[in-house]
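Submitted below is the structure of interest, expressed as C-alpha cells.
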Amino acid sequence: MSQVILDLQLACEDNSGLPEESQFQTWLNAVIPQFQEESEVTIRVVDTAESHCLNLTYRGKDKPTNVLSFPFEVPPGMEMSLLGDLIICRQVVEKEAQEQGKPLEAHWAHMVVHGSLHLLGYDHIEDDEAEEMEAIETEIMLALGYEDPYIAEKE
C-alpha cells in the first residue's frame, strides 16, 4: 500500500495538546491509498479566526467550521500527486467532541477521514451521497479502532 506524503502546518496560537504528526499520517493512510496510489496532502490546523475567514470566503458561511477541504485541480495533461488541503479548526473540533460526548482523538480522526473523502470527490449534499460517504467513514473509523462516528444519529 502506498503512503501519503503529509505536509502538516500547525497554525494555532497554542499548538500544545494537538494530535501528533504520526497520528495525522495514520489517519490519512487509512483513507487515501484505498482510492489512489501516490498522494500529497496538506493539513493545516488553525484557530477560529482563520477558519471563519476561509469558511466565509469560500462557502459563504459566516462562522468557523470543523474541516474545510480544498481539492487540487490538476491541469489537463499534467500528472501530479497533490490531492489537496485540509483546514481543521482546533476549537470547533474540541467543542464538537465535548458536545457530542466523543473522545477528542476519535473526533480528530473523523475530521481527517471526512475531509480526505471530500478531497477524493465524495460529498454529502444528497441523501444517497451522504449515506455512501458515511458508510465509508464508518468502515474506516472502525478499522482504525474507533467507534462509528454516526452512532448517536442512528439510535
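Every residue, even glycine, has its Cβ placed from backbone N, Cα and C.
A quick note: this is a predicted structure, and the numbers were derived from the prediction, not measured.
Marked as Zn(2+) binding site by Swiss-Prot: His114, His118, His124.
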Under 8 Å between C-beta atoms and at least six apart in sequence, can you list the same-chain neighbours of His124 (Zn(2+) binding site), or say none if there are none?
Ala130, Met133, Glu134
Let me know the DSSP-derived helix, strand or coil state of His114 (Zn(2+) binding site), please.
helix
Are there any residues at least 6 positions away along the chain from His114 (Zn(2+) binding site) with a Cβ closer than 8 Å to its Cβ? List them or say none.
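Same-chain residues close to His114 (Zn(2+) binding site) (Cβ under 8 Å, separated by 6 or more) are Val67, Met133, Glu137.
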For the recorded Zn(2+) site, whose residues are His114, His118, His124, find every other residue on that chain with a C-beta no more than 8 angstroms from the centre of their C-beta atoms, and list them by sequence position.
Val67, Ser69, Gly115, Leu117, Tyr122, Asp123, Met133, Glu137
